[in-house]
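**Q** Below: one structure in structure tokens.
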Amino acid sequence: MQHQLPFSTNELEHFEIEHTHGSLSKFKPPAYKQKDQLIIDKTHTVQLDHEIDEDVNSKFHFTVIMVAILSGNFGLGYSLPYLSMSFSTVFSQIELKGSETSEQGFFSAILSIGCLVGAIFTKFLLKYTTRNQSLIIADFCGFLSIFAVIPNREVILTFRFFYGVCIGIQTIIMPIYLKELCPQKYYDKFSVMSGFFVGGGLLFANFMGLGYINSDLRGKDSHYWQIVFAIPAVVFLFRFTVLTIVYRMDSPISLIIKHKPIKAKAIIAYIYQPVCVEQAFQKSQLRVQYDEEHKEGIMSLFTRKNRKTLAIGCVLMFVYTWCGLFAIFSYSSQFFASMSDGDVTLNTFFTLILGIVQFTPAFISSFVYRRWGKRIILLSGLFFMIICQILIIGLSYTDVLAAVIVKFIVICLFSFLYALTLGPITWSMTPEINSSEGTYFCFVTLYAWQLLVLYIFPFMLSSLEMSGSFVVFAILTVSSILFFYFSVKETKGLNHTEIDKVYGKEDK
């Protein structure tokens, strides 16, 4: 049985596959074992001839390690609504330096500024640190966010910025770390947990919002908001404790890159069963050699060969942010205030129900993606999301109770479609059609788009109201679906070489 090690992105460019001999042309196997050759199968994965099925020593310890790596996604999901529901209480205890609307925009945008800085900084971390060292830096920044509980405007802004830096770093590092450490037979199971953690963080933040129903827990004398603000620091402390103190874990591939093969092999020996250690270690060495020989610089992204797939990735990040859901989650309390006439209890339950709806697609997404290709899922999802946007626009012109209820149901359907289609595809299609450099560039643009929407949405909501805001979102979504209809190709069942040919990237 051949075991497969997937690449984190589709780096297998410019090669001829020799399926009959099980080898890759232009690639010399390492001298330590000439008979083991690198091959590519239809899932563009790295393999060795005569492989045995790899397994772990302890499923319990391995699960704890994987959960610890992915736990940062909980902090990512938590970061979306926790500030929105706390605005009124926090602002009653600090001195603002502008209108409440402008301060809401600035307090929200400072997180994305941190994300953008963290994402850019990750470029250097990938070069000079191991994966776990990068997460230690991220966790340190995330733990500093606990000082945001101090009721001072500048202090809250400063340490909310550090929270953003943490998210920016970990968003890029976590999937790489997971893929380099996890045996392939378990990778699919753990990779889908990212969505569970993001949805779980979002749902937990909304659950914490129930506390604000109690009038004693909101207002200028309340300390409840400080508990809400302190929770992310606990998550990052947990990850640091598990990975660094308890297990002393790291990515074997990043250790080999840093010329620490003995430590890399020791970590493999801890994770894998003894019979699999030598094989897993050799595959890690092959992976490092392969990546070193086929690096592409950042400027290659703008060549004719890569421009189309880079544009698709960037537009995915754009519509992911600008379809309206990101704004709703980030300003849920303010958004639903117009639907609940300022009723705190109803507003809170609206937000909680939306969080539950956002969490449910994780249970059926695997079935959907096994049955249909990404192109049809993306286009269908955007089409029905546009219908939801149009309905929201129309229903926003009346305050009749029945219309408000229907509008909320439509928003829930909109959120469900987003979490089932656009959300997962943005995170999976971008690395599938781009190199690692292209994927990195696209994620940097994601945080730039988020920064923009977080800063200007409060002004949109106050000047254009809900109907006008969704007119803007609908126009942008329609533009995106037209772009995707003519640009995105179906890649279901294709290997990397075939994907390259579909997008005109093959060697001439």
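A Cβ is built for glycine as well, from the same backbone N, Cα and C atoms used for every other residue.
Per TrEMBL, transmembrane segment is recorded for 62-85, 105-126, 133-150, 156-178, 190-213, 225-247, 309-329, 349-369, 376-395, 401-420, 440-461, 467-486. The domain 'Major facilitator superfamily (MFS) profile' annotation in TrEMBL covers 65-492.
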**Q** Could you check whether the transmembrane segment (62-85) packs against the transmembrane segment (133-150) - three or more CB pairs closer than 8 Å, residues at least 6 apart in sequence?
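**A** Contact between the transmembrane segment (62-85) and the transmembrane segment (133-150): present.
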**Q** Pairs of Cβ atoms less than 8 Å apart decide it: which stretch in 190-213, 309-329, 467-486 has the most with the transmembrane segment (401-420)?
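**A** Stretch with the highest Cβ contact count: 309-329.
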**Q** Within the same chain, where does the transmembrane segment (309-329) have neighbours whose Cβ lies under 8 angstroms from its own Cβ atoms, ignoring anything closer than 6 residues to its ends? I mean 6 or more beyond.
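**A** Long-range Cβ neighbours of the transmembrane segment (309-329): 80-81, 84, 202, 301-302, 335, 354, 358, 382, 385, 389, 411, 414-415, 418, 422-423, 425-426, 429-430, 433-434, 438-439, 441-443, 445-446, 449-450, 453-454, 457, 460, 469-470, 473, 476-477, 480, 483-484, 487-488, 503, 505.
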**Q** Tell me, what is the mean pLDDT of the domain 'Major facilitator superfamily (MFS) profile' (65-492)?
**A** 87
**Q** Going along the chain, which residues at least six beyond the ends of the transmembrane segment (190-213) come within the CB cut-off of under 8 Å?
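**A** Cβ under 8 Å, 6 or more out: 66-67, 70-82, 85-86, 89, 174-175, 178-179, 182, 224, 227-228, 231, 329, 332-333, 344-345, 348, 351-352, 354-356, 358-359, 361-362, 365-366, 419, 423-424, 427.
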**Q** May I ask you to check whether the transmembrane segment (440-461) and the transmembrane segment (467-486) make contact, with contact taken as at least three Cβ pairs under 8 Å and only pairs 6 or more apart in sequence counted?
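**A** Touching, yes - the transmembrane segment (440-461) and the transmembrane segment (467-486) meet the threshold of 3 or more Cβ pairs under 8 Å.
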**Q** Under an 8 Å Cβ to Cβ limit, what residues of the same chain, 6 or more beyond the ends of the transmembrane segment (349-369), are close to it?
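**A** Residues packing against the transmembrane segment (349-369) from afar: 81, 85, 192, 195-196, 199-200, 202-203, 205-207, 209-210, 328-329, 332-333, 336, 339-340, 377, 408, 411-412, 415-416, 418-420, 424.
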**Q** Six or more residues beyond either end and a Cβ under 8 Å away: which residues meet both conditions relative to the transmembrane segment (225-247)?
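**A** Cβ under 8 Å, 6 or more out: 61, 64-65, 68-69, 71-72, 74-75, 78-79, 82, 85-86, 89-90, 132, 135-136, 138-140, 142-146, 148-149, 151, 156, 163, 166, 204-205, 208, 211, 218, 270.
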